[in-house]
Amino acid sequence: MEGIKLNLCLLCIFSCDIFALSNGNIHNVYGSAYSGASAGAYKTLPGSHPYGSKHVPVYKPMNKIPTPYISKKSYPAPYKPKGYYPTKRYQPTYGSKTNYPPIYKPIAKKLSSYKAIKTTYPAYKAKTSYPPSYKHKITYPPTYKPKITYPPTYKQKPSYPPSYKPKTTYPPTYKPKITYPPTYKRKPSYTPYKPKATYPPTYKPKITYPPTYKRKPSYTPYKPKTTYPPTYKPKISYPSIYKPKASYVSSYKSKKTYPPTYKPKISYPPTYKPKPSYPPTYKPKVTYPPTYKPKPSYPPTYKPKITYPPTYKPKPSYPTPYKQKPSYPPIYKSKSSYPTSYKSKKTYPPTYKPKITYPPTYKPKPSYPPSYKPKKTYSPTYKPKITYPPTYKPKPSYPPSYKPKTTYPPTYKPKISYPPTYKPKASYVSSYKSKKTYPPTYKPKISYPPTYKPKPSYPPTYKPKITYPPTYKPKPSYPPTYKPKITYPPTYKRKPSYPTPYKQKPSYPPIYKSKSSYPTSYKSKKTYPPTYKPKITYPPTYKPKPSYPPSYKPKTTYPPTYKPKIRYPPTYKPKASYPPTYKPKITYPPTYKPKPSYPTPYKQKPSYPPIYKSKSSYPTAYKSKKTYPPTYKPKITYPPTYKPKPSYPPSYRPKITYPPTYKPKKSYPQAYKSKGSYPPSYQPKKTYPPSYKPKKTYPPTYKPKISYPPTYKTKPSYPASYKRKTSYPPTYKPKISYPSTYKAKPSYPPTYKPKPSYASSYKPKIRYPPTYKPKPSYASSYKPKIRYPPTYKPKPSYASSYKPKIRYPPTYKPKPSYASSYKPKITYPPTYKPKISYPPTYKPKITYPPTYKPKISYPPAYKPKISYPSQY
């Protein structure tokens, strides 16, 4: 620990140059600082002893001399020898066994016992001090080869001799394209042949593909494009920049709006004869009927006041950005008002037929009959979003590379191919819910149909008295070696017999519920009609429990060590279990009027929701407190010595009573609310209004007698060793627990068709639908020609001695491999500053900045006698 502390001190000394925290450090001629046991922080040199075993110097040169080592030259001593720079004080631990450089001899002991030492300096070499920022350049002997160290994250890029040809390496996912010699004859490689399995019509297969198959991307389920009757007119939706016009009465045909760059052709009602639109510079020559009164012409900045027929009711005016289209009576054909820069077109009476003139570049659009509804035109980049009726299921859009999955008619039955390792799962009727598979150690929780009435579990020694239904014909008992003869219905068509290890599962008509076939050592159970509810059979040592009428709810029995897991209704909030010393904080419903708190020995039973009837476990001496519905107002009982205190309304301020020794404080004005000061032992007596119903306080030993409502059903109290039977709500269906040796026989719904279990050597005979065309069976030596999908690129097989030339993608940068004797030339990042290590005998030659003034060096014969002040 001492060494660690001193090393931390050294770190502080080296870093805090500006504070000159160098006290307690001794400087040697090389510029290293050693203090206390800090020599353990340095690496030992070759040939030296480990720290603490022998006084052998451990030295590591410092390349940078910190500022604090520029010693101060003011001493209180009368004699100030040149070249000696003692510190003003020492660290508390100074004087411990310390390692110094070879020429250094310690000069100080503990302060209290200090005696001056006559110190000699052989061949004194000047100690050099540098400015704080100076980094001296180290020179090395010509033969020195530095060992370079790198940062941990540095990944070196090796260099190679000119003649080196690297062996290329590739990423793990790279699949090389193999080239072959011209004389190579490709031998196709096939997967082991396995006939295609066929399945009943209701089987929905999981399709698998060969390893090289490039799977089509999976998309959201395909929804076909809805087809509409010829008269269907879709409602078009527009991009976000579209500003829809207000909706009008059915007879109004709206003016369409388009993207900003669109110049629309205005559509008009059927009776309107259109006026041409011209460029802004076009001035038409207007002709009028004899009765027309011309409208005066105005300067360009004039904002015309629109004139309307006498029956027109004008709409309010809006701010400039708003372009209001006024509504007019049916016979009026009006143009809208526009911003100031717009040159308005003249308005004419309804019967006016203008002579239209066009600019030379104008291409007229054809005129249509009155019933024609024009098709909207959009900018070239506009892609309309079509809206559909609520029942429309859109067809999804796919990327260009999407290859659609073929759709088939509902009656299509696909023929599925599987990989060699595929193990077919038995097919079930559509209503069948598959049985989950679990690890070998899994003990299943048996699930029953809603009508299932569980039978209790018994200890292993229980012998049951078996009861059967009136129609039950008992199965005779056979010796263990008996192999039962399977019975079939009259319509059964027997399948061919198989070798001994195989037991064929008979096929039955659809209504028949057959039992599975088992290995030879299995004692088969009898098969029953679907409506039969089997009686569970038990081992010979089992003692049966009598059967009860359907309305009987059995009391579950458990082994002596069984601790039942209590099940509560969904609304139940469980009470946490606490250590015996826990004092629970009681929570109440919102309408609950709390009873008074009790002294420490009393353990309060929390109240639960109204529907929950819970039995809490208490010590034997405890008399349980009843729980009430939220609206119950308890009648409080008191001991005979109780004197009730009156209760008061909320606005009542009680008159405080004081003990005889109380000295009242002076009275204050009404606004002042004074808190009385009382002696420490004072307990004020509260006064209450007449309507107050007091809460009783009891002595510590008082056990309250609780009164209950008439509908309350008390639960008995039990001794501490009693393990109570859990009470459940009426709808609770208990989970039956069985002894460890009990193997449960699962019960299934009437429609369940069991999955047969076979011997390990059993190979099932596949059943095929009527449309199945079987593939021929081949001899073991037959190698079929494999058919692949169109996109399949076969991977050829080669002779064992063939070494393919691998082709790589253009962006691949190979990682070369080298001969074992190759020593790469290491390259470094530009910012890397190597940490240089030196041989043990190397003494660096120090170089100095131009402004450096060396301190005086002394001849070898100089032996200064150092005297220290008395406070040392």
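Here the Cβ of each residue, glycine as well, is placed from N, Cα and C on the backbone.
Under the heading signal peptide, Swiss-Prot lists 1-20, citing sequence analysis as support. Among the features that Swiss-Prot reports, region 'Nonrepetitive linker' is placed at 21-41. Annotated region 'Nonapeptide 1' per Swiss-Prot: 184-192, in sequence order. Annotated region 'Nonapeptide 2' per Swiss-Prot: 213-221, in sequence order. Residues or ranges marked as region 'Disordered' by Swiss-Prot: 273-781. Among the features that Swiss-Prot reports, compositional bias 'Pro residues' is placed at 273-282, 291-302, 361-372, 391-402, 451-462, 471-482, 541-552, 641-652. Annotation source Swiss-Prot lists repeat '16' at 282-291. Per Swiss-Prot, the feature compositional bias 'Low complexity' maps to 320-360, 377-390, 403-450, 501-540, 568-590, 600-640, 677-690, 698-719, 754-763. Among the features that Swiss-Prot reports, repeat '23' is placed at 352-361. Among the features that Swiss-Prot reports, repeat '24' is placed at 362-371. Per Swiss-Prot, the feature repeat '27' maps to 402-411. According to Swiss-Prot, the feature repeat '33' maps to 462-471. The repeat '41' annotation in Swiss-Prot covers 552-561. Sequence annotations record features per position, and here Swiss-Prot assigns repeat '45' to 602-611. Here Swiss-Prot flags 622-631 as repeat '47'. Taken from Swiss-Prot, the feature repeat '51' covers 662-671. The repeat '52' annotation in Swiss-Prot covers 672-681. The repeat '53' feature in Swiss-Prot is assigned to 682-691. Residues annotated as repeat '60' in Swiss-Prot: 762-771.
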Q. If you run through the compositional bias 'Pro residues' (641-652) with DSSP, how many residues end up as helix, strand and coil?
A. 0 helix, 0 strand, 12 coil
**Q.** Three-state composition of the repeat '53' (682-691), taking helix and strand from DSSP
**A.** 0 helix, 0 strand, 10 coil
Q. By DSSP, how many residues in the repeat '60' (762-771) are helix, how many strand, and how many coil?
A. 0 helix, 0 strand, 10 coil
**Q.** the repeat '23' (352-361) - residue tally per DSSP class, helix then strand then coil
**A.** 0 helix, 0 strand, 10 coil
Q | Secondary structure composition of the repeat '27' (402-411) [DSSP: H/G/I, E/B, coil] | A | 0 helix, 0 strand, 10 coil
Q. In the predicted model, what is the mean pLDDT computed over the repeat '23' (352-361)?
A. 72
